[in-house]
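Participant: Taken from TrEMBL, the feature domain 'Aminotransferase class V' covers 5-350. Residues or ranges marked as L-glutamate binding site in TrEMBL: ARG42. Positions annotated as pyridoxal 5'-phosphate binding site by TrEMBL: GLY76, ARG77, TRP102, THR154, ASP174, GLN197, ASN239, THR240. Among the features that TrEMBL reports, N6-(pyridoxal phosphate)lysine is placed at LYS198.
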Amino acid sequence: MTAPFNFSAGPAMLPAEVMQQAQEEFRSWRNSGISVMEVSHRDPAFMQMAAQAEQDLRELMAIPANYQVLFMHGGGRGQFSAVPQNIAGPDDTVDYLNSGIWSDFAIREAGKYVGRVNVVGGTEQTSRGKAIQSPVSWKLSEKPAYFHYCPNETVDGIALHDIPEGISAPLVADLSSTILSEPLDVSRFGIIYAGAQKNIGPSGFAIAIIRDDLLGRAQGNTSTIMDYSVQARERSMYNTPNTFAWYLSGLVFTWLKGKGGVHTMGAINREKAALLYDYIDASDYYSNPVHPDFRSRMNVPFLLADDRQDGAFLQQAEKRGLVGLKGHRFVGGMRASIYNAMPLEGVKVLLDFMKDFEKTHA
Ligand SMILES: *Cc1c(COP(=O)(O)O)cnc(C)c1O
């Protein structure tokens, strides 16, 4: 049996070459006879590997020198509380754009730590589908401690492709499902964070990228492992990091560099997404509810004309080696997550299947 194409939203597929290498050195990392999971994080070989992973990520994202790169615990949602605890306090107002389900969760979490969460705006229904409200309509607050948004809403498949202009507060972005998928001007942000399991590595792990001037603002009762200043000082080893996730993420960074980095990835990702959206738009059987300007290039949700055929679609897709296509339980339908590790070939096989299914079921 050939390996399936895995369209799961997260944990998502990892590059086949990376998994192959991890398997080969699983029991004996760097010919040491022991696994990378059995090595001390203070071991010079591990420290060297960890520093190299950071260096590679810095190169891939062109992260300026005045930013810290942290390898954190607790996935994407861990950062929902880490951000307010680190750069805001009980007397502060913070601004959030509510563009979907993940933004909504982030808003609720921030409410536990700050004086006021001001939701500047959200989505709206237009004649061409669901869109994010125009920035001119956003109700920004007077002096927020920061402005938070989620450039790619993984569940809704809705994206804000342009970085908001004219926001004076530090911009904070949840890039969990879009980090490293295309070039990004990091210098525009105060904080970028991402859970690892979509475009980087294993779940439970997170990357946080923080501009230096935002360090040292943590509330007195901030959990120490979530304190950016402490983790920056300790090079993300205040306590034992997730060593395996760090190692595997490092392999993914090396793989990405070999592929040509985020510019090449961005082009391939655009091509993959366009193939799917063009076909869905041309079809009377499949539909996507999002306005073309706001469509995610990582998560492509689609509905069948008759949702009673959802079960058959998923079952037959699986027989063709296409797995993980079930939409999020909050929204139903289907969702194809096409992160960096999904080859163009996988999208083509999915398209062929969708065409066949339409022919026999429309
Ligand atoms: C998956 C995801 C999260 C949650 O990540 P966890 O690691 O499960 O906490 C947060 N934000 C976005 C945009 C996501 O896609």
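Note: Cβ is positioned from N, Cα and C throughout, glycine not excepted.
These figures come from a predicted structure and were not determined experimentally.
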Participant: Pop the mean pLDDT for the domain 'Aminotransferase class V' (5-350) in here, whole number is fine.
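Facilitator: Mean pLDDT, the domain 'Aminotransferase class V' (5-350): 97.
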Participant: Where ASP174 (pyridoxal 5'-phosphate binding site) and the residue listed as 'L-glutamate binding site' are concerned, what is their Cα separation in Å, rounded?
Facilitator: 30
Participant: Among the binding-site residues ARG42, ARG77, ASN239, THR240, name every one whose Cβ is found under 6 angstroms from ligand 1, counting any of its atoms.
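Facilitator: With ligand 1 as the reference and 6 Å as the Cβ limit, the list reads ARG77.
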Participant: Return the residues near GLN197 (pyridoxal 5'-phosphate binding site), defined as same-chain residues 6+ apart in sequence whose C-beta is under 8 angstroms from its C-beta, sorted by sequence, else 'none'.
Facilitator: GLY10, PRO11, ALA12, GLY75, SER203, GLY204, PHE205
Participant: Please report the Cα separation of ARG42 (L-glutamate binding site) and THR154 (pyridoxal 5'-phosphate binding site) in Å, rounded to an integer.
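Facilitator: Just about 36 Å between their Cα atoms.
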Participant: Of all the recorded positions given, ARG42, ARG77, LYS198, which residue's CB has the most CB neighbours within 10 A?
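Facilitator: When each Cβ's neighbours within 10 Å are tallied, LYS198 leads.
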Participant: How big is the gap, in Å, between the Cα of ASN239 (pyridoxal 5'-phosphate binding site) and that of LYS198 (N6-(pyridoxal phosphate)lysine), rounded to a whole number?
Facilitator: 24
Participant: Which ones in the same chain are close to TRP102 (pyridoxal 5'-phosphate binding site), with CB under 8 Å and 6+ residues apart in sequence?
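Facilitator: TRP102 (pyridoxal 5'-phosphate binding site) has long-range Cβ partners GLY76, CYS150, GLU153, THR154, VAL155, ASP174, SER176.
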Participant: If you count other CB atoms within 10 A of each CB, which of THR154, ASN239, THR240 wins among these binding-site residues?
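Facilitator: Counting every other Cβ within 10 Å of each candidate, the maximum falls on THR154.
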Participant: Which state, by DSSP, holds ASP174 (pyridoxal 5'-phosphate binding site): helix, strand or coil?
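Facilitator: Strand, per DSSP.
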Participant: At the level of the C-alpha atoms, what whole-angstrom distance separates THR240 (pyridoxal 5'-phosphate binding site) and the residue listed as 'N6-(pyridoxal phosphate)lysine'?
Facilitator: 23
